[in-house]
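Database features, via TrEMBL:
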DOMAIN    C:2-116  domain 'Semialdehyde dehydrogenase NAD-binding'
ACT_SITE  C:Cys135  active site, acyl-thioester intermediate
ACT_SITE  C:His227  active site, proton acceptor
4 protein chains.
Amino acid sequence: MGQRFIEQLWDHPWFELSSLAASERSAGKKYREAARWRLENELPAEVGDMKVVNVDPKEVQADVVFSALPADEAKKAEAEFAKAGFAVASNASAYRFDPDVPLMIPECNADHLGLVEVQQKKRGWDGYIVTNPNCTTIMFALALKPLMPMEIQRVIVASMQAVSGAGYEGVPSMAILGNIIPFISGEEEKVEREAQKILGTFDGDRIVDAPFDVSASCHRVPVMDGHTEAVWVEMAKNPTPAEVREAFLNFNPGLSDLPTEPKRPIIVRDEVDRPQPRLDRNAGKGMAVSVGRIREGIRFIAMGHNTIRGAAGASVLNAELLSKKGML
Amino acid sequence: MGQRFIEQLWDHPWFELSSLAASERSAGKKYREAARWRLENELPAEVGDMKVVNVDPKEVQADVVFSALPADEAKKAEAEFAKAGFAVASNASAYRFDPDVPLMIPECNADHLGLVEVQQKKRGWDGYIVTNPNCTTIMFALALKPLMPMEIQRVIVASMQAVSGAGYEGVPSMAILGNIIPFISGEEEKVEREAQKILGTFDGDRIVDAPFDVSASCHRVPVMDGHTEAVWVEMAKNPTPAEVREAFLNFNPGLSDLPTEPKRPIIVRDEVDRPQPRLDRNAGKGMAVSVGRIREGIRFIAMGHNTIRGAAGASVLNAELLSKKGML
Amino acid sequence: MGQRFIEQLWDHPWFELSSLAASERSAGKKYREAARWRLENELPAEVGDMKVVNVDPKEVQADVVFSALPADEAKKAEAEFAKAGFAVASNASAYRFDPDVPLMIPECNADHLGLVEVQQKKRGWDGYIVTNPNCTTIMFALALKPLMPMEIQRVIVASMQAVSGAGYEGVPSMAILGNIIPFISGEEEKVEREAQKILGTFDGDRIVDAPFDVSASCHRVPVMDGHTEAVWVEMAKNPTPAEVREAFLNFNPGLSDLPTEPKRPIIVRDEVDRPQPRLDRNAGKGMAVSVGRIREGIRFIAMGHNTIRGAAGASVLNAELLSKKGML
Amino acid sequence: MGQRFIEQLWDHPWFELSSLAASERSAGKKYREAARWRLENELPAEVGDMKVVNVDPKEVQADVVFSALPADEAKKAEAEFAKAGFAVASNASAYRFDPDVPLMIPECNADHLGLVEVQQKKRGWDGYIVTNPNCTTIMFALALKPLMPMEIQRVIVASMQAVSGAGYEGVPSMAILGNIIPFISGEEEKVEREAQKILGTFDGDRIVDAPFDVSASCHRVPVMDGHTEAVWVEMAKNPTPAEVREAFLNFNPGLSDLPTEPKRPIIVRDEVDRPQPRLDRNAGKGMAVSVGRIREGIRFIAMGHNTIRGAAGASVLNAELLSKKGML
């Protein structure tokens with residue numbers, strides 16, 4: 001995950017990678033010595049040469065801090081950075097449900113940034129924390145956004161999740177080769193709560209959750225990257241598959257050319273057997289969610305790159321929105 | 001599939017493998033020359049030496065005929081065999097929805113065999129056809145049986161299906177290595193109709209379908225054997241997960257020791273991450289359906305061996321029931 | 001393979017894709033209807049709209065024709081095109097061992113193009129055929145080139161070959177999921193003869209084979225793209241691993257910036273566990289061969305993208321050399 | 001590995017599982033609580049209920065102790081057990097090259113047990129240590145045994161090794177899904193030394209190594225169980241492939257029905273594409289080595305189950321030999 005952040009940022013048009021912070025074990029080393037690079041794109045020499053610092057606001061020089069910390073470390077560290085005046089774009093789950101912290105997908109709820117003022121006032125922080133959702137939530141929550149006018153009542157999601165979502169050592173090969181593991185610790189709980197906040201309404205003071213239920217079943221599959229989700233959506237207005245397809249096609253979040261924003265956040269695949277992770281995960285440089293097989297029910301498939309759209313790219317897109325809004 | 005039939009039958013305590021019939025291309029050859037053996041268990045020499053005959057009632061000597069023909073060939077051939085006096089235990093989909101043909105899972109609807117008399121009367125056949133369901137249907141339909149008293153209203157199934165379900169040449173490796181294909185031709189249509197007939201009521205003349213809806217989304221995954229299914233069941237009586245678990249544990253189909261019948265047709269796994277195809281598909285010699293992760297919703301996972309419980313073993317179990325009932 | 005050709009050519013700086021020819025079954029249709037696109041990069045709309053023509057010199061407009069035909073069809077068709085005046089850059093095996101047909105890896109034997117004149121004289125053709133080697137040969141033959149001064153005597157190659165080498169329908173998933181197939185039909189025979197011709201000497205009239213033996217064992221592995229090869233090279237000069245590494249690093253084929261030519265045709269990986277197909281196959285846009293683990297023996301690993309460096313890209317690089325030399 | 005030991009021993013006809021010893025972290029717990037069971041065969045309830053003890057001779061009741069300890073822990077612990085009078089059948093590498101410790105494959109060198117007396121005399125131990133080789137060595141060393149009369153001079157081995165060889169957490173799925181890792185730490189060094197000792201001659205006092213060289217290249221592949229090896233053997237007598245095949249077929253180690261001993265330790269597969277790990281690893285209950293594709297060179301493929309024949313089963317077979325010889 002940290003590596004995907006570096007990849008998203010190293011040639012970013014707006015941001016410059018100024019500091020790399022990690023646990024004490026790594027601090028003080030050059031990045032190339034602190035970590036083994038695992039991505040296909042080669043680590044740029046200048047990033048490899050950067051010295052890793054401690055996760056300490058005093059050691060970091062930046063306008064915005066990206067966090068891929070484990071939830072428990074994030075709780076403490078992100079507050080320290082926010083207090084010290086940094087904007088924190090966090091991929092961690094620690095603050096997602098704090099009522100004064102926005103849980104953002106820019107294409108869905110850019111106006112939730114209004115919470116930042118509430119947050120700073122309440123906590124007395126100079127900086128602030130903005131979070132993005134869990135990788136599984138992002139794929140279907142983005143797809144639900146254009147369906148909101150049809151009055152969503154209930155959502156059922158069966159996910160088939162890539163191994164990269166668990167980190168490099170997360171899933172042993174003996175566990176998953178030729179196998180399915182029908183369980184991912186803590187995942188269903190997150191997935192079942194996040195979409196309602198993301199698609200909720202900011203009333204000037206807090207978010208009023210969107211009024212639908214989500215029931216999830218999360219499964220690990222032997223796929224490297226790309227979460228595939230079978231989604232059922234019950235809507236009061238009872239649209240046809242053609243109407244749902246139309247809503248997806250017409251979806252225009254009205255952002256203004258953020259660098260990481262895909263041309264189309266939702267790509268509709270009309271082939272009978274798409275989207276597929278191998279073929280579609282890199283659509284929109286990994287930032288588009290591909291949907292397909294829109295059937296009566298309403299049922300459809302949503303698929304996106306879990307460590308780009310679902311994690312590092314999500315945080316970077318949030319930070320771009322902050323920059324655009326003059327909040328950095 | 002034909003190979004799984006041979007494997008199920010070659011040392012069967014009640015049946016003897018008397019004839020192997022196949023298309024013209026193979027007829028006349030020894031079996032070992034007509035087909036390339038693909039299973040881990042070695043082909044017994046005496047089966048390899050059997051001469052393959054044509055799919056023609058005049059060339060076959062048997063009390064019961066097992067059919068793994070493609071649907072279109074099955075339509076014609078199975079009728080010819082039934083007319084000629086054979087009992088046909090078919091895994092093909094051709095006759096599953098004919099109102100006078102039983103669609104059987106012995107643990108669910110042994111009484112549907114009453115249809116055989118209706119069938120023979122109506123068609124003037126000396127023999128008859130008995131079918132078993134699609135491999136995906138069997139896993140969750142068997143799991144639904146003990147829940148019937150709780151008044152099932154709606155079922156949602158997301159399947160993660162093994163490649164063996166498509167036959168040896170069915171899924172190219174380039175299609176599925178590290179990938180998910182969210183489409184299996186014709187599968188959802190079958191899955192959505194079969195359970196209601198299986199769990200329906202025989203009124204002496206016909207089957208009255210069970211009154212629930214099924215909505216399926218079927219996906220191919222890089223797993224060799226074993227279909228995993230995420231199942232949601234809405235029931236009028238609104239049971240708790242504990243009550244559903246209890247119903248699974250107490251399920252006793254009351255058959256009397258058919259050779260292929262597993263000791264427990266439904267095995268409840270209480271571990272947090274089971275059932276898994278690699279670990280659980282061979283439970284009950286491949287004939288048990290394992291369930292787990294019974295959660296509010298009601299949601300659970302059902303998993304079984306798709307070419308044994310879901311195909312060859314299903315037909316053989318049907319034939320054993322016919323034998324037990326004196327119908328062969 | 002045809003699809004990789006299209007991908008290599010659609011935005012080529014020197015070549016323009018003018019005709020797509022295929023068997024009668026496809027001829028007359030738009031390309032998008034004749035073939036199902038299987039690559040991650042989307043098929044450009046204008047290529048999808050091209051009408052497929054017959055494999056007939058009269059229907060094709062081009063300076064150079066790329067052939068990915070099966071060997072038997074290639075025999076006839078490539079001769080017809082060469083006779084009709086086309087330059088044929090062939091990936092097929094049909095003509096590789098004809099003494100007047102160059103078997104080319106531009107970085108190894110650009111001077112073998114001298115055979116073209118011999119070929120035209122002998123056969124009375126206006127055009128000519130230039131071939132590239134089998135995908136497995138290319139990886140280690142390129143790596144052998146800088147070792148030629150050390151007097152290679154014997155080469156042993158154990159290949160671990162990706163499924164894409166067999167074509168989309170070539171390897172069923174049931175054959176290869178979690179498995180190794182220690183056999184690829186006809187492969188070892190090709191691999192054992194090609195390198196000697198490629199690394200042989202053009203004496204103005206014919207190729208004198210390089211004087212070493214090759215012994216190969218070819219294996220299919222569950223990898224999508226990228227052939228990995230364990231190579232042992234016995235050399236009379238008995239170099240140390242460090243000297244071999246140096247020879248790889250200093251290798252400069254002296255071509256002049258052909259568009260498809262990688263900056264470094266041989267990339268030396270010094271990490272203990274590289275090259276790996278997933279991480280290294282796209283090096284040099286799929287045209288570099290990565291080597292590593294150079295050990296006493298001399299043993300090393302060579303790895304390259306089998307359908308780019310090993311097939312479509314190889315033919316395109318050959319054609320670029322032809323263009324550069326003014327032969328088109 | 002420990003789990004495979006339990007599986008091999010729980011219904012063993014000669015041995016009874018009397019104690020389970022593990023590190024302090026596990027000691028004192030019931031086995032089912034100390035370890036998560038990962039094999040397809042269910043853990044027997046009575047084994048799950050056994051209390052795990054410390055790796056301490058005073059806590060263990062047994063005639064023979066099986067060790068699957070890491071090399072460094074094995075060094076100390078195995079000596080303590082041997083000193084305390086236990087027979088130690090070790091799968092660890094710690095003592096394999098001690099000149100007074102036999103490195104055994106019963107079918108190859110049962111007479112090396114004569115070293116035990118040397119060992120006890122030299123060390124003053126009441127018990128002793130007997131080791132088995134590395135999993136990769138066993139497959140080809142067993143295959144070399146019947147070729148010894150043809151005067152082996154040089155052996156080259158390219159291994160394609162299953163992930164289970166590295167233990168449950170050993171190979172992350174992100175490292176190996178759709179990938180090859182051409183490196184296994186320390187493996188080639190072991191493989192290159194062990195066969196010569198195993199196939200060496202016991203001269204009453206020590207082992208005189210067999211006079212051939214081994215050069216290995218070891219690779220990890222996405223296979224669950226079963227090591228596949230491409231083997232080249234240079235022999236002074238220069239046999240034909242047919243003569244090599246004959247030698248394999250005629251191989252009879254002359255043991256007398258040890259329970260774990262396969263009927264044929266070497267199975268010759270004549271099909272063009274065998275052995276394959278998925279189809280052949282369980283031959284002889286996982287204790288047979290399958291060979292095939294015997295070609296000029298001499299080249300062939302050897303394949304066996306790495307955690308049964310290559311580890312737990314190897315140690316158990318050693319212990320059976322000890323028992324048979326009255327050494328327990």
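Residue positions begin at 1 at the first shown residue.
From the backbone N, Cα and C atoms, a Cβ is placed for every residue, glycine too.
What TrEMBL says about a protein is an automatic prediction, not a curated fact.
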Distance check, please: Cα of the residue listed as 'active site, proton acceptor' against Cα of C:Cys135 (active site, acyl-thioester intermediate), rounded to an integer number of angstrom.
8
How many other Cβ atoms sit within 10 Å of the Cβ of C:Cys135 (active site, acyl-thioester intermediate)?
27
Could you count the residues of the domain 'Semialdehyde dehydrogenase NAD-binding' (C:2-116) that DSSP puts in helix, in strand and in coil?
44 helix, 17 strand, 54 coil
Through the lens of DSSP with three states only, how would you label C:Cys135 (active site, acyl-thioester intermediate)?
helix
Cβ neighbour count within 10 Å of the residue listed as 'active site, proton acceptor':
32
